[in-house]
Amino acid sequence: MEAARRRQHPGAAGGPGAQLGASFLQARYIPFFLILFMYFSGCFTASKAESLMPGPALFLVAPSGLYYWYLVTEGQIFILFIFTFFAMLALVLHQKRKRLFLDSNGLFLFSSFTLTLLLVALWVAWLWNDPVLRKKYPGVIYVPEPWAFYTLHVSSRH
């Protein structure tokens with residue numbers, strides 16, 4: 001009888017279609033954010049003149065921030081993202097005391113992460129009182145997935 005139920009629901013009880021746990025999904029992003037932070041740590045210069053972002057790069061901050069927003073919300077990796085962001089902020093403040101400034105690559109990455117944090121905050125504030133999503137994502141840290149919002153509110157209208 002148990003085998004028949006597993007055939008009906010392939011993801012049930014650790015069957016072949018079982019979904020991976022949230023901690024595993026978050027853990028697989030650790031190398032990505034670690035490499036981003038290592039790259040960011042090399043993006044400092046002693047010259048304030050080299051600390052300017054080119055004009056065309058400003059247009060790319062928005063798509064980059066939007067990409068990271070989707071990665072953070074859909075991947076449910078807000079904790080990992082916020083730790084990386086604060087580590088980057090601490091490094092910027094530490095290097096500022098040494099009179100080192102972010103170069104254009106560092107400014108781009110830091111601006112993208114700042115925009116991402118703003119977008120996540122707006123996303124959470126907008127969906128804060130949604131009772132269905134609140135039930136689906138219980139706990140202190142509430143960051144609903146865009147796909148869950150789409151399936152709940154957008155696709156049901158069609």
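Cβ atoms here come from the backbone N, Cα and C positions, even for glycine.
TrEMBL lists 29-47 (among others) with the feature transmembrane segment. Outside the transmembrane segment (29-47) by six or more residues, the chain places 75, 77, 80-81, 83-84, 87-88, 91, 95, 99-103, 105-107, 109-110 with a CB less than 8 A from a CB of the stretch.
Within its own chain, the transmembrane segment (67-94) has Cβ neighbours under 8 Å at 22, 25-26, 29-30, 33, 36-37, 40-41, 102, 109-110, 112-117, 119-120, 123, 141, 143-147, counting only residues six or more beyond its boundaries. Marked as transmembrane segment by TrEMBL: 67-94 (among others).
When Cβ-Cβ distances below 8 Å are used as the criterion, the transmembrane segment (106-128) is approached by residues 36, 39-40, 43-44, 51-53, 57, 60-62, 64-66, 68-69, 72-73, 78, 81-82, 84-85, 88, 92, 142-144, 149 of the same chain, each at least six residues removed from its ends. Here TrEMBL flags 106-128 (among others) as transmembrane segment.
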